[in-house]
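Written below as structure tokens is the structure these notes are about.
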Amino acid sequence: MGTAAPLGTVRGGVALGGVRSCPAQCWAHPTWSCPLDRASVEPMAADVPTASPGPQQGRGPSRCTSLSPSLPPGTLLPPAPKMLRLLLLSSLWLLAASPTSSTFQRPTGSPAAPRLQYLLEPLHGAVHTQRGATATLPCVLRALPRNYRVKWSKVEPANYGESVIIITNGLSHKNYGPLSPRVRLRRSHRYDASLTITDVALEDEGRYRCQLVNGLEDESVSLTLHLEGVVFPYQPSNGRYKFNYHEAKRACEQQDARLATYQQLYKAWTEGLDWCNAGWVLDGTVHYPIINSREPCGGRLLLPGVRTYGARDKQRDRFDAFCFTSALRGEVYFIRGHLSFKEAGQACRNHGATVAKVGQLYAAWKFSGLDRCDGGWLADGSVRYPITAPRQRCGGLPEPGVRSFGFPSKEQRTYGTYCFAGA
């Protein structure tokens, strides 16, 4: 028994599965066409009859259609132009083409966002600033609808919600929440609903939304406030991996910083942060950034990157912390001497200052270019020194950074101190 052919397979001039095909002579003859075959792409040689009428008969094999009128016997036909044959083949191919080859293509990608009717799309989606500065998030109307309100809010990813900041109807406004004393509307003209934040704080970084509330035609624009700053790893005096999430958050705040976001940690990694101890970030996940792959830090075979432990139990699990700080309103300076920790505090107070915190030393190194080869006490009892121009006698490391001597005995009289005087 022969093998069954698949549906649509052409045999002997007949397409199985109900689709008919034409003999090969229809395709080869210059004046015959095949009007029935719109599924087969080429004829089968097996269909050529052993005795076929010649061209002088004016007709082709069965199921063929003549392209020229009947001629008397003995009339010789000139060969058809090549162009005619090409046109015929092209027509057959277009008729037999699959619907998927249609010139009408299905749309790809995400659908375009609906066009804003009243709000202007901001030119830039991010506003960059520093701690202590004044920042304005733009929100401008192209027209003033009837009975409208504009509502500004801050998106809070940790709480899966938004905190309302200010609401205005164009005539009056009302402030809400902890940002209330430091925010106002710019109001440079009657279409301007931009939000101005004064004395920007570390916790102000994030995504903000300006929403036009106008019945069924509500619309909004989103902007991100980015603070320029520095990320640093932090652990307590009693060793690594001692903080649960809440303790890590408090520890950063005590050092004039806050827990870094994942985005801030990632940016710090791209700028050279390489640290083998895992630490908490603001969203409750745990990571560590690696530039130079090595055995104690995941192995040499893993590529450089920000390694992750994912979300962890905020009460039970313990790690270090990655803190973030920004520019200072004040000055960090060094007092030379052989001071105990207690004497260091007194030395700073004698100058109307306080012992600098870890975050303040990092900020002075990052934004003021503080460079000292002298170890000095800090407020948490650690001893560190900032290097912007690496040199052999100052630790020998090739990269700039804040070096650490750890947490020596507070009675030890070996170091000076770093003091901070606020502006």
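In case you wondered, yes, glycine gets a Cβ from its N, Cα and C as well.
What TrEMBL lists as disulfide bond is CYS276-CYS297 (among others).
What TrEMBL lists as disulfide bond is CYS373-CYS394 (among others). A 10 Å cutoff on Cβ-Cβ distances gives CYS394 (disulfide bond) a total of 16 other Cβ atoms nearby, all chains included.
Helix, strand and coil residue tallies for the domain 'Ig-like' (114-222), in that order: 9 helix, 48 strand, 52 coil [DSSP]. If you look up TrEMBL, you'll see 114-222 marked as domain 'Ig-like'.
The domain 'Link' annotation in TrEMBL covers 230-325 (among others).
Under the heading domain 'Link', TrEMBL lists 326-421 (among others).
The annotation region 'Disordered' is assigned in TrEMBL to 46-74.
Residues in the domain 'Link' (326-421) partition by DSSP class (helix H, G, I; strand E, B; coil) as 20 helix, 31 strand, 45 coil.
The predicted model assigns the domain 'Ig-like' (114-222) a mean pLDDT of 91.
Separating the Cα atoms of CYS394 (disulfide bond) and CYS276 (disulfide bond) is a whole-number distance of 22 Å.
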